[in-house]
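Feature annotations, courtesy of TrEMBL:
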type: TRANSMEM; residues: 25-47; note: transmembrane segment
type: TRANSMEM; residues: 59-78; note: transmembrane segment
type: DISULFID; residues: C116-C149; note: disulfide bond
type: DISULFID; residues: C117-C133; note: disulfide bond
type: TRANSMEM; residues: 198-221; note: transmembrane segment
Amino acid sequence: LWHCLSQGVLSNISSITDLGGFDPVWLFLVVGGVMFILGFAGCIGALRENTFLLKFFSVFLGIIFFLELTAGVLAFVFKDWIKDQLYLFINNNIRAYRDDIDLQNLIDFTQEYWQCCGAFGADDWNLNIYFNCTDSNASRERCGVPFSCCTKDPAEDVINTQCGYDARQKPEVDQQIVIYTKGCVPQFEKWLQDNLTIVAGIFIGIALLQIFGICLAQNLVSDIEAVRASW
């Protein structure tokens, strides 16, 4: 039973991310470990009035703030490269769409939420062996798209999972009536532009919290050293 369950939780995640075999799970483990160390140093340092731990907390938080700032600058400078990597990532996921039920649900959720289809358009689904338009493809889903690409009718309560069948065999004008023709990468860019104030506000808020934490730790260190110096 455990083997069956483990195969369903993005079992092929390292292959679809195109990171040379690197499993992103390790990234989550590293981030979790860093947060534990940071929290431990801050809490124990404050409770035990340990200046070494408080200084470690302050410096560590400062390094994280600097790395976040650097990552933001690099993301702006290399935004075209990031777009290309996002395109490759989505297309790799499209190829593996039927290989993992959790991956399938993730793609369907993304396409429904962003009202998009494929990375840059519905024809990206030619990369999938079940949806490609080649004459040798005997699948019933040939030249179609997943149901998550279909435009939604508010009057329909039940999802029609076959709504994308043969959708890409129609002229482009007719396709726009049945399915989303915009890709997920352009839709994501549009969402960022429309919500730039909110996104910027979140990042600024996180940065201010980090700076506030550094200042508090430094003030506490100064108070502790001042009290010790008066003994």
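Note that Cβ sites are derived from N, Cα and C of the backbone, with glycine treated the same way.
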(request) Rank the disulfide-bonded residues C116, C117, C133, C149 by the number of other Cβ atoms within 10 Å of each Cβ, and give the residue at the low end. (result) C133
(request) Determine which residues of the chain contact the transmembrane segment (198-221) at the Cβ level, with the cut-off under 8 Å and only residues 6 or more beyond its ends counted. (result) 42, 45-46, 49, 51, 54-55, 57-58, 61-62, 64-65, 68-69, 72, 192
(message) I need the CA-to-CA distance for C149 (disulfide bond) versus C133 (disulfide bond), whole Å please.
(response) 17
(request) Write down the Cα-Cα distance for C116 (disulfide bond) and C133 (disulfide bond), rounded and given in Å. (result) 20
